Amino acid sequence: MNHIYKVVRNRKGQLVVTGEAAKSHTETSEKNTGYRCVQMLAAVICGLAVTQSDAGEICAYQSGTSSTSSAVGSGAIACGSNNGAPGTDSVALGHKNLAQSTEVSVIGYGNQAQSEYASAIGYKNIVGQNAMTATAIGYKNKASNQYAMAFGAENTASGIQSNAFGNSNTASGRLSSAVGVYNTASALSSSSVGYLNRAFGTNSSALGALNIASGFDNSAIGFTNISLGNSGSAIGNRNTSIGLSSAAIGSGLKNDSTISSVSSRARQYDLKDSAGKLVSVNGIEVTVSAGAGLSGLNYITHINGAAVTAEERQQFLDNVRYGNIAAGDYSTALGTFNFAIKENSTAVGVQNTAKGLDSNAVGLKNTASADYATAVGNRNYADATSSVAMGYGNRATEVGATAVGYMNQASGEYSTAMGHASRASAKWSSAFGSGASATAQGATAIGTSSIADEENTVSIGQWTMEKRLTNLAKAIKDTDAVNLSQLHPMVTALGAGANYTGGVWTAPSYIIQGGTYRDAGSAFTAVNSKLTNLQTQVSSLVTGGTGTGANGKSAYEIAVANGFSGSETAWLASLKGDTGAQGLKGDKGDKGDQGLQGLKGDKGDKGDQGIPGLNSGTGTGNGASAYDIAVNHGYAGTEADWLTSLQGSQGVKGDKGDQGLQGLKGDKGDKGDQGLQGLKGDKGDKGDQGLQGLKGDQGFSAFDLAVQNGFNGTEQQWLTSLASGGTAAVSIGTNPNPQAVLPLATGTDAVAIGSSSEASGDQSIALGTANQVSGEQSIALGSSNMVAGEGSLAIGNDNSVSGQNTAVLGNAINASANNAVALGHGSTALRDNTVSVGSDTQQRQIVNVAAGTQDTDAVNLGQMRESELQTLNKANGYTDTQVTESLSQSRQYTDQRVNALENEFRNERRDTRAAIASAIAVASLPQPTYAGANMLSVAGGTWRGQQGFAVGFSGVTEDNRFIYKASGTASSQGDVGGGVAIGWQWK
């Protein structure tokens, strides 16, 4: 039978269990009914120790009043009013509670526990059937599945091992958690924490306020973020991640305007098909339902192929107007108001858009709208496949085009424009400098205001503003440029005062028989004329005349009769021709072997023949011949010798041949021993303490997570990489995935930005798509470049650089030489210390070259033609042959001396190093760490011989939620810069 007990106080004020007729001593001040219920529960438990029975125990809830509770179950306890404890060993304590199953506890008012080992405590909490070990505590909570827990007010935990804590939360997925106010976690292992968050996807998390995480393994953290794609992340304010493994991180723009129509939305662009049907919003594919209003945003049913609810649709449209969006698989949108639309795309900074596959937009208001495009800096546009735009206001609008610097345009296929306001508008064209323009296919314009408007030429000026090409080595091959020192020997060979000094040509002055001739052609014409006259005179002298008179006069008498006034000796002397003029300078000697002396010059020309004697007069006898007269006057030689004596004397010996060409350059010496290691730098100041991270998922160590995200070393190597002395590599781009599209910066102090780019060399930089930089201190800008040489630079696409200290600009360039420069599409640099503007199968001209004035200056065609016109055009065949040979030798080296351009690239490299030093200085600025504090700071940085300096002001608001800072910087190259930032932190 049932035994009735009541709880009373003894004389010492202690609660005891006694019979129903007993009276209590005076109570203390605790009058609360709920408090007495707890007392009664303790009394009941005590009573069980006193008396046992087959049925449960029933407690009196008020002195002198019988209980209306029922304890039917074995070992059950029902204590209070209208409680029921039909379950074995169950407990019902309070008012109108029902403990319906085995070993359940129901305490309070109107609570129900219908499953084994369950607990319902508070007001009208319910633990339903099939909810073994579930718990519902608080106000009107429901726990309806195994091991579920609902704490707070009006929470529902309906999933196995689900948890709902707070107010009006719902955890319906297995192992799900909903904590806060109005949160929902409906999928396996999902979490929703904060206010009005929704976690609909398996393993998804929504933390903060008004966030939605509906994909598998994705996260939405912050305010009004939405993550729709699997493994995606939306973190910050008004961000959207749609694609697989995409990430949208940062803060959206604030916009308080009322949106009433499509035309008034802020920064939203809708695309409709020919039937007026809405097909995309800001480049993101959408699907609208059939029926009326096909162009309305409220009819969107799918976003990027994924079905969405009305709530997800509205949040997506809000975020399009205000926040970051990562819509493509493995895409990343980081910063403020960025869009990463296609697979593996990256948008980092403020208001950047990466629309193409593997595209990158980094900085402020940059757009990379095509596949593999890269736009970095401020307001740059890369609108074509594999195009690159970097700096400020640059545009690359054709396939493979590259525009770097300030307001440059590369509008030709595979063209390159670099510097300030340069234009490369033709296929494979290149423009470098300020205001340079390349408008012809394969043309290259280098320097300020240079124009290259002829195909496959290199211009360093324009027709009204030529420039000199200096420090040009001597040519050795037919396609090499010639410098002025190679022209000088040809000018010297002309003789007669010919000279070319300071860009001024002085023509030769030949004097022949009293006449002056200003070019070799006229001089040789005069010589030929004199020789012809001399030959005529000699022929006349040898033939002689025949006397007709009986007694002919002597030749001397006839000469006197004809006016000769000298003696007979003088007349005989006059028969000998005047000494011939000095013969012309002999031909230039043959080329000497490796610097040997040239061959002896040819013998001078034969002198003019003397004037022939007069014919003998008419006589009656035979007249004496000139030889007989000579014998009569003392000549002792034969007639043959006498005739020989009448010829002019032998010409002067020819000049010594020119010195042979310089010997070939020796082989390059072996690489010197490595220099001593630099001293260890001073230890940097301790950085500010970082914010506490969110609680991690259970089951993985930090090393396991690192391996899942792409780390492939041992655990000890991973620990070493976390040490303060480790490498300072930076990678910006797509999240890791099995296809390895993440940019990798594995070298010390290396930087890699863009899909599939890798910077494995120490202090190397890989910027763009699929660049591979393994050389130390080397740089690759563009797409698919390979840079293996140390200290080398590749700008453009599909270039390969294996030489050290070598620079290439253009596309599809192969440079294996050291200290070389290659310019233009398809060029090769295969010899050390050279500048190449083409290849062995594709040469280019260098145009707009000013006249050379120094020995190492390049010679333009105008200089060559001026010399040729004034000294060679009128020469006879002999002279033409010599000049042609000289010209052939002088055209062999033009390309080689473009090495002077390397100085310009060294300056660019110094500017880059100074910019990095300034960035280091800005990054070193400290900031305050406690609320309400302000700080004025100064920092310095150095990078490979260049320095940067920075000054900053930063502060923390009184409520410790916002951190703001502003900084300015200057470098050792005279460049200045600045930046501002604001951050929002929460716990």
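Cβ atoms are placed via backbone N, Cα and C, with glycine included.
In TrEMBL, annotation is done automatically, which means it is predicted and not curated.
Residues 111, 113, 115, 118-128, 160-169, 171 of the same chain lie 6 or more positions beyond the ends of the domain 'Trimeric autotransporter adhesin YadA-like head' (134-154) yet place their CB under 8 Å from a CB of it. Positions annotated as domain 'Trimeric autotransporter adhesin YadA-like head' by TrEMBL: 134-154 (among others).
The domain 'Trimeric autotransporter adhesin YadA-like head' annotation in TrEMBL covers 185-209 (among others). Sequence-distant contacts of the domain 'Trimeric autotransporter adhesin YadA-like head' (185-209) (same chain, at least 6 residues past either end, Cβ-Cβ under 8 Å): 162, 169-179, 215-225, 227, 230, 311, 694.
If you take every residue in the domain 'Trimeric autotransporter adhesin YadA-like head' (323-337) and average the pLDDT, you get 84. Sequence annotations record features per position, and here TrEMBL assigns domain 'Trimeric autotransporter adhesin YadA-like head' to 323-337 (among others).
The domain 'Trimeric autotransporter adhesin YadA-like head' annotation in TrEMBL covers 354-379 (among others).
Long-range Cβ contacts of the domain 'Trimeric autotransporter adhesin YadA-like head' (382-406) within its own chain (Cβ-Cβ under 8 Å, at least 6 residues beyond either end) map to 356, 359, 361, 366-376, 412-422, 424, 767-769, 781-784, 795-798, 811. The annotation domain 'Trimeric autotransporter adhesin YadA-like head' is assigned in TrEMBL to 382-406 (among others).
What TrEMBL records for 410-436 (among others) is domain 'Trimeric autotransporter adhesin YadA-like head'.
The domain 'Trimeric autotransporter adhesin YadA-like head' annotation in TrEMBL covers 438-461 (among others).
Look at TrEMBL and you will find 468-499 (among others) tagged as domain 'Trimeric autotransporter adhesin YadA-like stalk'.
According to TrEMBL, the feature region 'Disordered' maps to 582-619 (among others).
For 648-695 (among others), the entry in TrEMBL reads region 'Disordered'.
Residues annotated as domain 'Trimeric autotransporter adhesin YadA-like head' in TrEMBL: 745-769 (among others).
The annotation domain 'Trimeric autotransporter adhesin YadA-like head' is assigned in TrEMBL to 774-798 (among others).
TrEMBL lists 815-840 (among others) with the feature domain 'Trimeric autotransporter adhesin YadA-like head'.
What TrEMBL records for 926-986 is domain 'Trimeric autotransporter adhesin YadA-like C-terminal membrane anchor'.
Broken down with DSSP, the domain 'Trimeric autotransporter adhesin YadA-like head' (134-154) shows 0 helix, 12 strand, 9 coil. Secondary structure of the domain 'Trimeric autotransporter adhesin YadA-like head' (745-769) per DSSP (helix as H, G, I; strand as E, B; remaining residues coil): 0 helix, 11 strand, 14 coil.
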